[in-house]
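Copied over from TrEMBL:
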TRANSMEM  12-33  transmembrane segment
BINDING   His141, Asp174, Asp235  Zn(2+) 2 binding site
ACT_SITE  Asp143  active site
BINDING   Asp174, Glu209, His481  Zn(2+) 1 binding site
ACT_SITE  Glu208  active site, proton acceptor
DOMAIN    258-402  domain 'Peptidase M20 dimerisation'
Amino acid sequence: LKTKQTSQIFKFLKIIISSLLITVLLLFTIAAIRTLSLDVNAGLQLAHWEKTNNKSLVIDHHQREELLANFKEAIRIPTVSFSNTESNTTALHEFDRFLRKAFPTVFSSSLVHHELVANYSHLFWVKGSQPELVPYMLLAHIDVVPASESDGWEAPPFSAKEIDGFIYGRGTIDDKNSVMGILQALEYLLLKGYAPRRGFYIGLGHDEEISGLNGAMNIVRILKQRGVQLLFVMDEGLTISDGIIPGLEGPAALIGLSEKGQAVIKLSVSVAPGHSSMPPRETSIGILATAVKRLEDNPMPRLFGYGPEGDTFEHLAHKFSLPLKFIMSNLWLFSPLLSRILERKPVSNAFVRTTTAVTFFNAGVKINVIPSLAEAYVNLRIHSAQSVQEVLDIIKDTVGDQRVKVELVDGFDPLPISGADDKAFGFQIIKKTVLDLFPTVTVAPGICIGNTDSRHFVDLTKNIYRFSPAWFKPGDPERFHGINERISTKNYEEMIVFYFNLIQNCDIRKLPEPHSSVHEL
């Protein structure tokens, strides 16, 4: 009897093991086929795009000298936003006068209507010949964050000094490259006799670095009053990364489909004050420090794959070598594994979850007095799959101490996710323009971990894209809001050509029909 039972157990185990092996083999086969066949960028060049008589731009020596001189002058004007209540308004007025001098055709053309908004921002309407075509909008911002030469700049931050083919200065990549690139492209188009079929707006905010509450929000208010709806909006955000993503073969242009939300949360502890010679077992600082440590020891949950970041890696998968290519081509199977890999580094951890950063800690008034009040401020960048309220609830649960008061100071939910499929006009036009100019670049959707003026435009369009054709190589991301911000003269010229082509590409009535179920656009 025992022999028979043992035999049955072995048979059962063999069936289980065989089933597991077959399942694993089947999953591996499916994953291998997907790895070999997945190329979401295949076929773009085969799509039958509507024929347009696009004008070409070949920049001669004289034009190159002029456009670089204009760009350098723009950098030299210190349009700094210092705080929510302080901006360099003198510089903003100077920048207005400069724009009118640098782009005389834009400001004099009968096709272009220009108006100042909130004293310092600019709104341009470029009239199209076919008013039935829904307009779009290009956004950029004039203001910059503070910079001081004493921080270690190789050249003064408002000198626009050229070193080894790079122009150094605050605003060269955030965001006067876009401001000047867009207007320079329009200037050249108008000089060539271009008249758009599809009308479009250009919005230049003056206070993006302090949330755009006057510039962008007043531009939105004006457009709402006029009943304007937009086909899409394109603003700054993601760039062309070359050598930034470990293991990726070749450069990648990431087009941001959304932005993370943001919240500022205040933690505070109030106790009776006392003398340092007779301290209690726990002080206000100690209680608050423990709460802060709990937040740092218990990060927000991993949410990789619940936002657009999953599509980013699938679009890039075919440009990785094995085994990463195998993993990224099959996120349906390996998402948990990849998220654990990504969370190891601060840059990639931002794609995986809502990030938590303690940015202020205030307590104490005198060396021998135990403070009655201790405060800390926490800045959170919220993943697309969460809301401000969900994050606030998790903070309260993690702190888990009734003595610590948790208050929401300010915040907004993550932005809606814009389309990136075959029918997403804005995404596909940007993608086509990138690939026409940079054929070796891989284009993928992405998510912006910072915030832009474009978030104020959600009532005017469902499609907001965050992309600038600036090239970022190793070390360049740190220049953003950091020291030695710079752009190569070649890249700035490429940006002008990009916007020159993008505006013309938007003149098609509709996107071409895809040839198959594979992403051809």
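Positions of Cβ are set from backbone N, Cα and C atoms, glycine also.
Note that the coordinates shown come from a computational prediction; the quantities given were computed from them, not determined experimentally.
Of all Cβ atoms in the protein chains displayed, 28 besides its own lie within 10 Å of the Cβ of His141 (Zn(2+) 2 binding site).
When other Cβ atoms within 10 Å of the Cβ of the residue listed as 'active site' are tallied across all protein chains shown, the result is 29.
Same-chain residues at least 6 positions away in sequence with a Cβ under 8 Å from that of Asp174 (Zn(2+) 2 binding site) are, in sequence order, Val144, Val145, Glu236, Phe480, His481, Glu485. Taking CA atoms as the reference points, Asp143 (active site) and Glu209 (Zn(2+) 1 binding site) are 7 Å apart.
Straight-line distance linking the Cα atoms of His141 (Zn(2+) 2 binding site) and the residue listed as 'active site, proton acceptor', rounded to a whole number, equals 6 Å. Between the C-alpha atoms of the residue listed as 'active site, proton acceptor' and Asp235 (Zn(2+) 2 binding site), the distance comes to 11 Å. A simple way to gauge crowding: the CB of Glu208 (active site, proton acceptor) has 29 other CB atoms within 10 angstroms, across all the protein chains here. Considering only the binding-site residues Glu209, Asp235, the Cβ with the fewest other Cβ atoms within 10 Å is that of Glu209. Glu209 (Zn(2+) 1 binding site) sits 14 Å from Asp235 (Zn(2+) 2 binding site), taking the CA atoms of both as reference points.
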